[in-house]
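Novice: According to TrEMBL, the protein has these features:
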type	residues	note
ACT_SITE	184	active site
ACT_SITE	263	active site
ACT_SITE	382	active site, nucleophile
BINDING	29-38, 120, 147-148, 227, 265, 376	substrate binding site
Ligand code: SUG
């Protein structure tokens, strides 16, 4: 680096939510063990067009409400390179037909549009907390599942293309893709601070300890896998230069994982100094709250939802905690919840109680319909990667990725031009679908002005 890092005291820090555009191959393949919605809906016919429009609808609603909204492109699917790596050879059409006949589950996996859940794309540390005054980014290795472990290389290229200015953005390699460093990104990371530009404390939530002292005594879920390890969370904190006083590592409650809480963002959400969480989110709730209180420069505002108000089962079914908690300029906060929250009486009542309670800043609940994504276990919070950026950092972004009316209009027209309105598992072998997808993605990188990021564009 030839030039000095920018002054970290720059004003006007905002949280930009980068939502993942749903890809043209969105389908229900039942791929995610421990994710109740995915396991329940596998085999259903999907509507990729509706899914993408629902996502764009959420982005537009938040943009119009005054929040900074970004967009990230989907990935190249079907991942023909992965099929070739697994021994399927011949023309693209032949590779698809052979995979459909010999290994339909593999074909489904390489067609998954799972990159839409950008909360799993990476972990991001804002410049205000990093020792070198840059924004730090680590793509998640997503090694827990085959369909998601295909994402990191393209994710890294996309993030490097958008956050390209080396004076302001630092990119780290994904952690080694092995169970000991299993990492699912920002879905297991929450930054708590007085405000976006103020110093933050980073809450890393893990499901299991892989090795080292204590591993043999640690409690782990029995039914479903724990997707984040303590070792992975520690490595990311190290990569980003976070000191002991800036980080807290908390174990997820194994009973929550076994009830379908495959990421921490299914059972808690934080914003500013507020931590909204279910009583059974963490294994040692009091110790975590105490540590946060000790380390935070501002009073923590914990909002605890007891089991008696919302059962773990209702929390998982409604995705109450997979909501976006957003700061408003008057100091209040808005909670963006999925439509499913209206369908569970206990959940809806709890939301009304939250609004009436005087001890928290939540002043508004906004309902967003993201049902197509929800059927695969992805709510409003899964669909976005939070990146706190100063005005200068926002100005330094490359490409055309901050949503405005014109970009929203172009993306909507692009979806309407290219996406199918029904996709069943048996359609995934259709070579036409692969061709349609490549044509659509080639056009998309032009709209977003991010250059060549896909394998087919790189040759
Ligand atoms: O990794 N579902 C995703 C959902 C990810 C939600 N993200 C957050 N909680 N942040 C997953 O389990 C299902 C795909 C399928 O079954 O077709 C899937 O991958």
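Glycine residues also receive a Cβ, built from the backbone N, Cα and C atoms like all the rest.
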Novice: Which has the fewest other Cβ atoms within 10 Å: 35, 120, the binding-site residues listed?
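Specialist: Relative to the other binding-site residues in 35, 120, 35 has the fewest Cβ atoms within 10 Å.
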Novice: Residues with Cβ closer than 8 Å to the Cβ of residue 31 (substrate binding site), same chain and 6+ apart in sequence?
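Specialist: The list for residue 31 (substrate binding site) reads 38, 42, 108, 109, 112, 114, 145, 146, 147, given in order along the sequence.
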Novice: According to DSSP, which of helix, strand or coil covers residue 37 (substrate binding site)?
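Specialist: Note: residue 37 (substrate binding site) is helical by DSSP.
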Novice: Here are the recorded positions: 29, 33, 382. Which has the lowest count of other Cβ atoms within 10 Å?
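Specialist: It is 33 that, of the recorded positions 29, 33, 382, has the fewest other Cβ atoms within 10 Å.
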Novice: Which of these recorded positions (31, 184, 263, 265, 382) have a C-beta closer than 6 Å to some atom of ligand 1?
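Specialist: Near the molecule: 31, 263, 265, 382.
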Novice: Reduce the DSSP letter at residue 265 (substrate binding site) to three states and note it down.
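Specialist: Assignment for residue 265 (substrate binding site) reads helix.
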Novice: Can you tell which of 148, 263 has the least company, meaning the fewest other C-beta atoms within 10 angstroms of its C-beta, among these recorded positions?
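Specialist: Each of the recorded positions 148, 263 was scored by Cβ atoms within 10 Å; lowest is 148.
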Novice: I'd like the Cβ neighbour count for residue 184 (active site), meaning other Cβ atoms within 10 Å of its Cβ, all protein chains included.
Specialist: 28
Novice: Between the Cα atoms of residue 35 (substrate binding site) and residue 263 (active site), find the distance and write it as a whole number of Å.
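Specialist: The separation of the Cα atoms works out to 9 Å.
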Novice: Between residue 29 (substrate binding site) and residue 184 (active site), how far is it from one CA atom to the other, in Å?
Specialist: 20
Novice: Could you say whether, by DSSP, residue 120 (substrate binding site) belongs to a helix, a strand or a coil region?
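Specialist: Helix, per DSSP.
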Novice: Given the binding-site residues 33, 120, 148, which one's Cα is the least distant from that of residue 263 (active site)?
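Specialist: Of all the candidates listed, 120 is nearest in space.
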